[in-house]
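S.K.: Quick one: the structure is below, questions incoming.
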């Protein structure tokens, strides 16, 4: 039986600017995204029965056709006339509905994994073109590393990834609707926007001080007025010696950048007492399509 084990990595936004709203309701954005080594484990088992099954121990994600990983497998089967099925085991480590692309990265891993399992030989571009049909963040998660994202997030320019940088990532126990955040954003009232040219230069030089001091997410103008936890975590990050702190995506997760592991660990020890879903992780600087997945025999999660 063919089987593949993959790491579906989370992403954070080092900047997020919203430029305008399109007639179709989508927003034009310009943002810098970086993968981190916080990941879900995805295990794919080929089945002779022509059926897709989602199996997970996480009660917060659906196991039916509404699951984005299911949609990815269904799209692959329909696009390439595959008459086999697949079991998709998802071990969740990335917080759900957190602004970390947890669902999108699951879908991306399914596309990357099934490409190998079914020997489709799809190029990176072909896989990314499939991914955008499922979600705006999926192409980036298929590619991996770091990128400047434009359009609705689908136009990606690969950039230098940060290497061995320590991030403290913390999600408060609140839920934030991405659609609600964008609908409440008043574009004419945005006073400060990220300087992405400056940040891109800093990314090239891996200048984490400049990055930390110039990170900006315009969606914070909505969320910080509604959710005290977001402001509180940012304040605590700085209090615990983060070089800078910002909300990722539409939230509610907040991250801080730390000079080294020692400072990050000290901050983790303090913040994790207040917010359970807190993680100390490094930046990921590989490329997902180059990662060699491992095979295994055990179906246990």
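Placement of Cβ uses the backbone N, Cα and C atoms for every residue, glycine included.
Heads up, here are the entries from TrEMBL:
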ACT_SITE  11  active site
ACT_SITE  137  active site
BINDING   95, 96, 97, 98, 99, 100, 101, 102, 103, 104, 105  ATP binding site
DOMAIN    67-145  domain 'GHMP kinase N-terminal'
DOMAIN    200-276  domain 'GHMP kinase C-terminal'
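Relative to the rest of the structure, where do these features sit?
M.R.: The number of other Cβ atoms within 10 Å of the Cβ belonging to residue 11 (active site), over all protein chains shown, comes to 28.
Under DSSP, residue 137 (active site) is assigned to coil, being neither helix nor strand in the three-state scheme. In sequence order, 11, 101, 104, 105, 153 are the residues of the chain that are 6 or more apart from residue 137 (active site) and have a CB within less than 8 Å of its CB.
Annotation note: residue 95 (ATP binding site) sits in a coil segment as assigned by DSSP.
Across the domain 'GHMP kinase N-terminal' (67-145), mean pLDDT in this model comes to 96.
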S.K.: For a three-state summary based on DSSP, what are the helix, strand and coil counts in the domain 'GHMP kinase N-terminal' (67-145)?
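M.R.: DSSP classes over the domain 'GHMP kinase N-terminal' (67-145) add up to 42 helix, 7 strand, 30 coil.
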S.K.: Hey, for the ATP site built from 95, 96, 97, 98, 99, 100, 101, 102, 103, 104, 105, who else sits with CB inside 8 A of the CB center?
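M.R.: So the extra residues in range turn out to be 10, 94.
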S.K.: Taking only same-chain residues 6+ apart in sequence, whose CB is under 8 Å from that of residue 103 (ATP binding site), what do you get?
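M.R.: Within the chain, residue 103 (ATP binding site) has Cβ neighbours under 8 Å at 61, 68, 69, 96, 135.
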